[in-house]
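Here is the structure we will look at.
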Amino acid sequence: MKLYNTLTKKKETFVPLEEGKVKMYVCGPTVYNLIHIGNARPMIVFDTARRYMEYKGYEVNYVSNFTDVDDKIIAKANEEGVSAEEISTRYIEECKKDMEAMHVRPATTHPLATKEIDGMIEMIQTLIDKGYAYNVDGTVYFRTRKFDEYGKLSHKNLDDLQAGGRSLLVTGEDQKEDALDFVLWKPKKEGEPFWVSPWSEGRPGWHIECSVMSRKYLGEEIDIHAGGEDLIFPHHENEIAQSECCNGKIFARYWLHNAFLNIDNRKMSKSLGNFFTVREICEKYDPQVLRFFMLSAHYRSPLNFSADIMESSKNALERIMTAAQRLRELSGDKEMTDQEQEKLTAMGEYRKKFEEAMDDDLNTADAVAALFELVKFANTEVSQESSGKFAAAVLKEMAELSDILGLSLEKKEETLDEEIERLIAERQAARKAKNFARADEIRAQLLAQNIVLEDTREGVKWKRV
Ligand code: AMP
Ligand code: ZN
């Protein structure tokens, strides 16, 4: 399998540190709001990478954090008059629901920054002891110029950075020895959450979190570190500096970065306000459509979001679903003919193409194309005259390749029921809040899907009519 490594700017053959095992860390979201579909891109593409590596027989230890202490979380907590912990706990729960809907499997470990502060204090102390960090009035900075290899990931030159250094100077950081130095620990401000440390009551900088959590759950050397391309500089560059200076070892062998999800050719982001949450999109589409849309492009290509592209993704996915349903109906116990056996052997070509695409730096766009060739094969080669075992074998092939992409061909009856239950609960809440307009709207929405509600003494019952 080849992977494009940001560090070397080349596609390289993937060789794990330990045979048959992959240690992979993916930077997770900062939890102060519902995630938007831009945040969903790394989740979906790296979950697919994980699934494919597992398919190839690797045991994948997959770690992805939640950043649960941050200025934005604190700002949101102040806005609502609740604690920062309440905000982060709420949005971690919501994020996990979105992940499940998009078939993003839970990580082996999802560490929380706030639960790892001791490890961060220890790493910062080691960096101070080794001369890589210094404390000024309770703020600890990393001495960037002491690390000769700084800039190796983003391919930036320290002097160019220095020239642009003024923009790196953040207000209140004027006591730094050098404009390129970055914060490892900062003192609390009034009303902020804090932890006791040898330098001040305060909290860690963002970059140190990932260095510490990655080391704790995966070890000092890992195979793959991944995230969106906006993280290359400074986040990942700083992680490398911290980890390699502290541990004296190469931190991660392969650095993978997804390109942005854009809208009107601009990055979708909370700060620009041009975003859709995963939740909003899933009200209109099966979450699998979102997943399918993300995988229809290569992860390193920018992807533009539009209503049209969602519609065509929906139609494309439906073509797979319809083919699968037809195969399900044609499946049975009748034995295959010799001719069908031969066709089945020829069908192996699509899996081969699929694997070749995925082996080529996770080219999901070509893998999806191979899946569609299989769909075409199914639609033309399997008919009423085919044996039940032949139809079943083609269905199995289609389901297995889809599963590597995290797409399930199962009928959606169950989730539909869940959605109904959710709407009923929402309607009850609306009635309780005397929002009868919303309650009626939900009843009408369900009725439009031929679902009738009945208010009984034991609660609301529903049936399909
Ligand atoms: P954040 O919560 O902003 O730290 O982002 C969490 C993850 O989502 C990071 O890996 C980001 O690089 C990624 N990300 C944020 N916005 C986008 C976008 N528009 N397209 C692709 N990835 C994004
Ligand atoms: Zn990170």
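Yeah, the Cβs are placed from backbone N, Cα and C, and that goes for glycine too.
The structure displayed is predicted, hence computed values, not measured ones.
Check TrEMBL against the ranges 47-51, 267-271, 352-356, 457-461 and you find motif ''KMSKS' region' recorded for 267-271. Among the residue ranges 185-216, 313-344, 409-440, the one that TrEMBL annotates as coiled coil is 409-440. Same-chain residues lying 6+ beyond the ends of the motif ''HIGH' region' (29-39) with a Cβ under 8 Å from its Cβ atoms: 66-68, 70, 72-73, 75-76, 87-88, 91-92, 94-95, 98, 228, 260-261, 267-270, 275-279, 281, 290, 305. Along the domain 'Cysteinyl-tRNA synthetase class Ia DALR' (353-416), the predicted structure has mean pLDDT 94.
Within 10 Å of the C-beta of K270 (ATP binding site) we count 16 further C-beta atoms, all protein chains included. Recorded residues C210 (Zn(2+) binding site) and K270 (ATP binding site) have their alpha carbons 22 Å apart, per Cα-Cα distance.
Put plainly, the binding-site residues C27, C210 were compared by Cβ crowding within 10 Å, and the winner is C210. Following the DSSP three-state reduction, the secondary structure of C27 (Zn(2+) binding site) is coil. Ligand 2 lies within reach of C27, C210 from the binding-site residues C27, C210, K270, judged by a C-beta closer than 6 angstroms to any of its atoms.
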